[in-house]
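Engineer: The following feature annotations were taken from TrEMBL:
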ACT_SITE  His188  active site, proton acceptor
BINDING   Gly12, Ala13, Ala14, Gly15, Gln16, Ile17, Gly18, Asp43, Asn106, Val130, Ala131, Asn132  NAD(+) binding site
BINDING   Arg93, Arg99, Asn132, Arg163  substrate binding site
DOMAIN    6-153  domain 'Lactate/malate dehydrogenase N-terminal'
DOMAIN    157-324  domain 'Lactate/malate dehydrogenase C-terminal'
Amino acid sequence: MAKDPMRVLVTGAAGQIGYALVPMIARGIMLGADQPVILHMLDIPQAAEALNGVKMELVDAAFPLLKGIVATTDVVEACTGVNVAVMVGGFPRKEGMERKDVMSKNVSIYKSQASALEAHAAPNCKVLVVANPANTNALILKEFAPSIPEKNISCLTRLDHNRALGQISERLNVQVTDVKNVIIWGNHSSSQYPDVNHATVNTPSGEKPVRELVKDDEWLNAGFIATVQQRGAAIIKARKFSSALSAASSACDHIRDWVLGTPEGTYVSMGVYSDGSYGVPAGLIYSFPVTCSSGEWTIVQGLPIDEFSRKKMDATAQELSEEKLLAYSCLE
């Protein structure tokens, strides 16, 4: 029996990431090859013509799973009835702008969009924030959408997680599907901590720890971490645009695993509301290792944390605490 369509909102849909993301959703990459979707696309009035062009292309692609398109500049229309919201739209930092200026712009945007989701989204709507500063934007959204359960609001660190998997697979010359359980702790920023201490590689003789196979702690504790932290900047330098394709693909991975579940024995990284696990201050949106089942994520508990990791995890938590204070000062 055919499934009822799910309504998926993409904000900033006429932008680079949105343009890469919407065909992936329409093709079933996010929610599964048997799940029909109705796409809700939102953008600012200045992008209305470009948004209509994206809608025309979606029609022209004749995606079998795509059962309807809402393309609008009206936030209420965009949010009405949505089951999944991917918040890509945000105000980018421009040359000469202070962090507080960017934060102030995004606080205003996310306050407005949170209120619309609060009033008009479907019950149990799942929200993924992509726009930077992603963790703090998600926190603002949570504040202004109090009826959306805190477990339904997350931010994207799966891109960093996938980058870490890619770096290990290249270093060891193995398939990326054979590497699992890297962790991104903390903020989706250059303070994040990509951790391989619990990661393994599937080899012909069984699963082996990444550290045992790489045999280069100096690289794992320095060069690897820096490469993952700075990968977005490196792509901008090379491409002259931000990493839209990989961000869109990672957003699909994040939602797919959240909705459909993670494989047994595998955990992934999600920016979620801290409950104090691993000594992370409660009340931050912080990236943890999680498993997903039946549409719910659960933080993986009991992983041993060494002194090197503790310092890295605390440093990125400190940055998030400072961002939170800055964001709240913009609300006053």
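The backbone N, Cα and C atoms fix where each Cβ goes, and this holds for glycine too.
Heads up, TrEMBL stuff is auto-annotated, nobody curated it.
Give me the structural setting of these features: burial, nearby parts and distances.
Structural biologist: Note: His188 (active site, proton acceptor) has non-local neighbours Asn132, Pro133, Ala134, Asn135, Cys155, Leu156, Thr157, Leu159, Asp160, Gly271, Ser287, i.e. same-chain residues 6+ apart with C-beta under 8 A of its own C-beta.
Taking Cβ-Cβ distances under 8 Å and a sequence separation of 6 or more, the neighbours of Asn106 (NAD(+) binding site) in its chain are Gly90, Phe91, Ala131, Pro133, Thr136, Asn137, Ile140.
Other Cβ atoms within 10 Å of the Cβ of Arg163 (substrate binding site), summed over all protein chains shown, number 22.
Taking the domain 'Lactate/malate dehydrogenase N-terminal' (6-153) as a whole, pLDDT averages 94 in the prediction.
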Engineer: Would you find the one among the binding-site residues Gln16, Asn132 whose Cβ has the most company, meaning other Cβ atoms within 10 Å?
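Structural biologist: Its Cβ has the most other Cβ atoms within 10 Å: Asn132.
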Engineer: Roughly how many Å lie between the Cα atoms of Gly18 (NAD(+) binding site) and Arg163 (substrate binding site), rounded to a whole value?
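Structural biologist: Gly18 (NAD(+) binding site) and Arg163 (substrate binding site) have their Cα atoms 20 Å apart.
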Engineer: Any same-chain residues 6+ apart from Ala14 (NAD(+) binding site) with CB under 8 Å of its CB? Would you list them in sequence order, or say none?
Structural biologist: Met41, Asp43, Ala47, Ala50, Leu51, Gly53, Val54
Engineer: Please list, in sequence order, the residues in the chain of Gly12 (NAD(+) binding site) that are at least six apart in sequence and whose C-beta is under 8 Å away from its C-beta.
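Structural biologist: Expected: Gly18, Leu42, Asp43, Met87, Val88, Gly89, Gly90, Ala131.
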Engineer: I'd like the per-state residue tally for the domain 'Lactate/malate dehydrogenase N-terminal' (6-153) from DSSP, helix first, then strand, then coil.
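Structural biologist: Summed over the domain 'Lactate/malate dehydrogenase N-terminal' (6-153), the classes give 69 helix, 28 strand, 51 coil.
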